[in-house]
Structures are given as C-alpha cells and as structure tokens.
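Enquirer: Please see the structure below; I have some questions.
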Amino acid sequence: MGAENNESLDLLTVFLSGIPGLEAKHGWLSIPFFIMYMVAIVGNSLIMAAVQANSALHEPMYLFLSMLAISEVGVSVSTLPTVMGILWFDAYRIDFDGCLAQMFFIHTFSGMESGVLLTMSYDRFIAIYNPLRYRAILTLPRIIAMGLGITLKSVALMAPLPILLKQLPYCHINILSHSYCLHSDLIQLPCADTRLNSILGLAIVLATFGLDSLLIVVSYGFILYTVMGIASREGQRKALNTCVAHICAVLIYYVPMIGVSVMHRLAKHASPVIHTLMSSIYLFVPPVLNPIIYSVKTRPIQQGIASLFSSKKRLI
C-alpha cells in the first residue's frame, strides 16, 4: 500500500491558481509583481552587503537586521518561480514534491522572520534598559547562537509538515487557491482524515507566530516602562525613536497575517480576488517595505549602502 501510494505521489501534479477573474491581465500584472520582487531582493541584499562590508555596522542591531534581510530574501525567492511562471508563461502545473519543497521553504523563512523580529525587540529592550552593558550582553557569539537557534527551531517545526502530507492518499483533481503552495491549502487536497495535519499546523502557528508576537508585546511593555523612568522628555523621545523602524516592521509583518486569518474565518464568501490579494500582501509587502523603512529611518544603513556604491566608483 505504501509503495503504491509513493508511486502515485511521484505522478501527482498540483495545479496552482493565478488571480481569479484577472487571467487575461496577467501580462500587465506581472510588471508590479516583478518590481516588488526586485525591490525586495535587491533592497535586502544591499542591507546585507552594507552590514558585511562596513565594520561600523557590526553592531547587534544591524546584525539582527541582516538576519531579517536573509529571511525576507528567502521568502521572496521561495515564491518567485511559481508566481512569475504563472504571470509570464501561464505555468499552473507543479509536481507534488516541488510543491512540498516550496511550502517548506515559505513557512520556514516566515518562521525565521518572526523569530528575528522577536530578537530585535529584545535588542531594543537591552539597548534602552542597560545601554552601558549593551555590547557586553549581546556579544557576537551570542548573536550567532541566537541566529542558529531561530533557524534550527523553524526548520525543526516545519519539517514534519511535508513528511506527513507525503503519507496521505490523493485521489481527485488537486487545485490550490494561490500561485504558491501553503500548508493550509495542501491539507484540503487528500481524500483522507487530515485532523492530525490541522492540529500540527495550528500548534506550529501558536509556537512560532503566536508566542513570538506575545513576547514582542511583552518586550515593548518593558521598553515603555523603562522609557517612562527616563527623567527628560528629550531622553524619552530619543529612546523611543530607536524603536520606530522595528515597530513598523512588526506591524507590516503581523497586521497582514491577522487580516488573512480574519478573512478566512469571517469573510469566507468574499470575492476570491480579495482573498488572493490579502495573502499576497502578507507574503510580498514586508520584504518590500522593510529595507525601505530601515534605509529611511536608520542613517548608518543609508551611509553603509552609499559607501558600497562609492567604493565601486573608485574601483572603476
């Protein structure tokens, strides 16, 4: 039975969906999507390059920002082949193993992004609560250990998802509702009981996004308490100003996620276009906006990126 199931899975094809009702306009829609991908990949790559090349940016805050950029490039690269394949070539078909791989990488990098946002809130708390010992607490070995911990946690939590899906029988037309593979979509396909998959998926969401968001709120509670203890208004303003970019990144990441969740539960009968656009905003907007926000709000990042181009001009 297992061998037959594996053989059928080898032949299984999954069909992705474009933007419902706008199939005739895929050529035009590919332009803004391609621009978003380029902004996300190039923008985050520039941040990583600037931090790596400039020793002045080898500070905990900017090292964590590099980790965020890595996870956002990962999310963008994971969805790019199928999204642009549909918009450019009407390539709706994807083999089952490829779909599982894409699902794993999308969820793994999303989980990493959430974990990095949590560590960045801890970084801001330490910088404000104990600025004199900031570098002594957040040493390079500890930062590396935190980054590895985030990666291993995300990989370990997401690895069972494709393994369990491979064990299930699939016996009908397999059409997904997005232009990329997500676990919430894939568990609708098997003609068998998927309660274990659903429970595991919910547990993973609570252990990653739910716990991370709760701890971020707690961190900012401590930050506000600490800031209120600063005597001068100017000191309070400066302390809070160091958190603005991170607060924007948190809101950009979690608000669309909450919106997608609410849409699935309270607006099931809304237009399919709305559901598709909400899911696209959740995956595409944070990688596009975060490098822009950090470049605008963080002068050392501006200077680091500018130095990359000035050094290239000198070489030429």
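Glycine is treated like the rest: Cβ placed from N, Cα and C.
Caution: TrEMBL annotation is automatic and unverified by curators.
So TrEMBL says this about it:
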- 31-51: transmembrane segment (TRANSMEM)
- 43-294: domain 'G-protein coupled receptors family 1 profile' (DOMAIN)
- 63-89: transmembrane segment (TRANSMEM)
- 101-122: transmembrane segment (TRANSMEM)
- 143-165: transmembrane segment (TRANSMEM)
- 199-227: transmembrane segment (TRANSMEM)
- 239-261: transmembrane segment (TRANSMEM)
- 273-293: transmembrane segment (TRANSMEM)
Enquirer: Using a Cβ cut-off under 8 Å, which residues of the same chain at least 6 positions beyond either end of the transmembrane segment (199-227) come close to it?
Expert: 107, 111, 114-115, 117-118, 121-122, 124-125, 128-129, 153-154, 157-158, 160-161, 164, 183-184, 187, 236, 239-240, 243, 247, 250, 254, 257
Enquirer: What parts of the chain pack near the transmembrane segment (101-122), using Cβ distances under 8 Å and only residues at least 6 beyond its ends?
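Expert: Distant contacts of the transmembrane segment (101-122): 61, 64-65, 67-68, 70-72, 74-75, 78-79, 81-82, 94, 146-147, 150-151, 153-155, 157-159, 161-162, 180-183, 186, 204, 208-209, 212-213, 215-216, 219-220, 223, 246, 249-250, 253, 283, 286.
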Enquirer: Under 8 Å for C-beta pairs, could you tell me which stretch among 31-51, 143-165, 273-293 has the largest tally with the transmembrane segment (63-89)?
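Expert: By the under-8 Å Cβ criterion, the transmembrane segment (63-89) pairs most with 31-51.
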Enquirer: Please give the sequence-distant neighbours of the transmembrane segment (31-51): residues at least 6 beyond its ends with Cβ less than 8 Å from one of its Cβ atoms.
Expert: 57-58, 62-63, 65-66, 69-70, 72-73, 76-77, 80, 83-84, 87, 284, 287-288, 290-292, 294-295, 301, 304-305, 307-308
